[in-house]
Amino acid sequence: MPHNFKPGDLVFAKMKGYPHWPARIDDVKDGAVKPPPNKCPIFFYGTHETAFLAPKDLFPYDKYKDKYGKPNKRKGFNEGLWEIQNNPQASYSLPPASVSSSDSDVPEEKSTARSDEEEKQEASQPILPTASVSASDEEGSEKEGLKRKERITTAPSAKRTKHSSSEQEPDSASSSKEENSDSDQDFTPEKNTPRIQRRITNVGEKNKVLAESESDSKSESEDEKKELKKSPSSSSASSPSLSSSDSETPVKKTPRGRRPAEKPAPKPRGRGRKAEPIPSSDSSDSDSSVDRISEWKKRDEERKRELEERRKKEQEEQLRRLREEEREEDEKKKREKAEKGDKSDSDSDSSKSEVTAPPKPRKSSSSSDSEEDKKQVKEVKPVASEIKKGKKDKVRAISDDSDSDKKVKKTIKKPRPAESARKTNQKEKRGERPRGRPSKVEKEKKKPEMINSRRVVKKEPTVEERLQKLHSEIKFALKVDNPDIKKCLDALEELGGLQVTSQILQKNTDVVATLKKIRRYKANQRVMDKAAEVYSRIKARILGPKSESQQKIAEKVNTAEKGPEDENQTGKAGEDMDASMNGDFLSQRTETAGDKEQELEGLNLDNKAEMETKQNNHAEHNNNPTEETFEPRPISSENQNS
């Protein structure tokens, strides 16, 4: 259950970020800010700050004295423990040094109202022992007098150095007043100096003005310190006990943002107003310095304008001169070009007339023309060099005026020699080009040579590539619809001349197969013969001469004995080859049914004649075993035919 607290109860108040702090519950005075519901106004000992806290954050002092009443390093905590025991009626109405320092920032009108309020609060508070009350009254009156003196002295001076705060001793209340007043017044030069700096543009003038103002402010601040040191000595002697206690509290005081003390609201306004009065001496110095600077600036600007006008005039004159010179050069070039054009026309006419003549005299004429051109170029060069010299002399005469003009002239000077050199080179090239051009006849001669050289550059096809190419040509030449016999014969002739190896033939077995088929091509006898010849050539190259002779003997015997069979087979093979040649699966349309019957009759007659001759010559061929072995075959075929 939360404890019911009353005004005047001593407690330990817990605030976030702080230890349990010795405090007292205050009574809400008339006209004061009312606390929110369920919260009590709290006065913190040691720091003399106030806040509103809920009862749950408050703990009775007597009950929790042993728990929370231990000394702590926090500033103001130990002082608070001492105050809650020895001076529980302490209040922010008895002003410590911090209050006087805050009041010193406020203008005179508000400070007098504040002092009246403090007197009323002291009258309303419970009475302290007589000695302490009398001492506090005396001290309050003395402090009010000191405040008025300070305002009178500090009115003319707006700047204070920070050395005064470090030189003062922190034991007396007067020293704390001076520290606070100095610290507040240190902000004034920071506000005033930017205004002066905005006016001053030159760096040298700025430094001088600032040095003078600082020296004036230092001398004034030292005088004020002496007066202030004399005045608080009497007040410190009259009340030693209270001044010592008051001087200790501001030293150990911590600024607590979460415990807002009752501070005067118009502090920033007071500082803003205080910054307004600027010392008359400084203002007069600054005004005079600004006037001087403005005069100096005006003079400087006038000089700059004059210099710029001069430069502009000089530059314009230079540009005019250069333009005139360029125009003259352009006119000279045009004249030279016109002369050269006339010469080139005459030369071209002469060259056209001399096309039929040998080229040797042409070379001599071109060499003479080139010599003339070189002479002309040499004559042009000294003219250009003289122009350059004239330009340099003019530029030197102008460059004596000012250093800044030299830079401009250098930029104008530099591109000129390079441009002139380029122009002369271009002239030489233009002069040489028409002389060195070849005639149309020479060009026509060179064209076929170039084409031949390009052809030579191409790689020669290998044997395998040529073989494949010829194979494809043969196939296309022997089409069923439109056979090209001549092309086929040429391709076969070329194929027979190729140095084919066994490896190439193993890779390209299709070539051998087509040759075998073409040997049985009935449409044209020449193609058959040529194919057989090429086939035998390739076979002889691969197998050798012995195998060739043996094959010839075997072929003769086979043709003698297997005549009818071979003819039938060749007929069938020819038909198959013609049907399947080049992927054409159409049968030959030339052969008719009647032709086939006639061929069969002719074959039967041939077979009968051969059989008769064989029976008559049987006795002669008994010694040859090859003939004996092949005798029964024709008999069997004859029986089949019958």
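Positions of Cβ are set from backbone N, Cα and C atoms, glycine also.
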Coiled coil per Swiss-Prot - which of 294-342, 490-538: 294-342
Feature coiled coil in Swiss-Prot, mapped to one of the ranges 55-84, 385-414, 595-624: 595-624
Mean per-residue pLDDT computed across the domain 'PWWP' (7-64): 87
